[in-house]
Amino acid sequence: MKHIVKHIHFVGIGGAGMSGIAEVLVNLGYAVSGSDLSRNAVTDRLEALGARIAIGHDAANIEGANAVVVSTAVRSDNPEVLAARHQGVPIVQRAVMLAELMRLKQGIAIAGTHGKTTTTSLVASVLAAGGLDPTFVIGGRLISAGANARLGTGDFIVAEADESDASFLNLYPVIEVITNIDADHMDTYGHDFARLKQAFIEFTQRLPFYGSAVVCVDDPNVRQIIPFISKPVVRYGLSPDAQVRAEDIDARDGRMHFTVIREGRAPLAVVLNMPGLHNVQNALAAIAIATDLGVSDDAIQLALAEFNGVGRRFQRYGEVPSADGGQYTLIDDYGHHPVEMAATIAAARGAFPGRRLVLAFQPHRYTRTRDCFDDFVNVLSTVDALVLTEVYAAGEAAIPTASGDALSRALRAVGKVDPVFVATVDDVPDALAKVAQNGDVVITMGAGSIGGVPAKLVQHIQQKA
């Protein structure tokens, strides 16, 4: 590619999926430019690495580019897209560019409705501990690396494979992981769950004959597609028929202690430095891959025990002063689907037994809120106190029956929790200051702008003091 393409421009370079690819390309020696609507820590990092960053979208931003990379979130009438089309500059989907990176190395692609980012991070961390020095492209910031991407010197590239727009079908890795299959982004599949499952089957068909599909057999939908996978399968999970499984699981001090059982290997005692059964499953995927690639048991144990997590995935901000003179534990999480939320709430209950759980939740997308409305009501009813915001639209038109206010009224009718509804995320710090008490565990959750709230909470309390 490099003998033809010298300069690559990214429309929306500050996004999690785009920025990682851009960083790897910068480190490969390409001239990289990009635009976004606002600056953030990611754009600042890319600029420091040598990328040219423009704030705002303008046709002039693509000057000199040999290719323009877009995600499915970029509209076709974006001025940079229109300019590229007018000038005959190739417009490349993000997943296609990721596929090009995978051609340079052996790809390990992590797919599934939930858990992709954490699992990708665990795989990258375990392989790095084993001396394989992988390249990785992750949808969140790996805290230990301080970045969501890194160019390694080893043979492997570890990356997320996105099913939300079916773009994972552009990838041709040598190892695939399927964590689970759930009903999300159903517009892509015509609201036909069978089509979604078929897409995952087609994803496994991208594997070479020597590749392997590493699949979580605890998920019933994954289990259903296994008979249709024609490539070698490695089963992981808590189920008795898993080839890599966890036994004797014990949650203590915010960590998961368990024994790994692998066919033909001695039992392996593991301590995972994060809570939740779902993260035990994610770790098992990493252990399965690491074992297959010859990583030592000592390296596996070390990597999992020292794993510092991923930004916005049960990210702990420590103790924050509460308005009553005490303090509460603050956690931030990206969860935005009821299944993810239930797993995070269960992890918090396990990590902090007996403590009151306060959730500040921003729903993400009106269509998801509509499609999962009853499930949202059920999962939100399991917390002890709730601050609920209006839906983060993510470019969608409002649906009055699937608004944050409608969700709040439905929760109040069920009667298990009395939500405090606020119209905007800017109102969350003040609402939490009135709700949170000494000894509480407070979780801010959602895939939208609520990710900026934790830093504001500390500032809010300091201003009130």
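Start at 1 and count along the chain as shown; that gives each residue its number.
Glycine residues also receive a Cβ, built from the backbone N, Cα and C atoms like all the rest.
Noted in Swiss-Prot for the protein shown:
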type	residues	note
BINDING	GLY112, THR113, HIS114, GLY115, LYS116, THR117, THR118	ATP binding site
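Secondary structure at THR117 (ATP binding site), as computed by DSSP, is helix.
Under a cutoff of 8 A between CB atoms, and with a sequence separation of 6+ in the same chain, the neighbours of THR118 (ATP binding site) are ASN279, ASN282, GLY309, VAL310, ARG313. Sequence-ordered, the extra residues of this chain that approach the ATP site, with Cβ no more than 8 Å from the Cβ center of GLY112, THR113, HIS114, GLY115, LYS116, THR117, THR118, are ILE110, THR119, THR179, ASN180, ASN282, GLU340. Annotation: LYS116 carries the greatest number of neighbouring Cβ atoms among the binding-site residues HIS114, LYS116 [cut-off 10 Å, Cβ to Cβ].
Around GLY112 (ATP binding site), a 10 Å sphere centred on its CB holds 24 further CB atoms from the protein chains shown. Its Cβ taken as reference, THR113 (ATP binding site) is surrounded by 22 other Cβ atoms within 10 Å in the chains shown.
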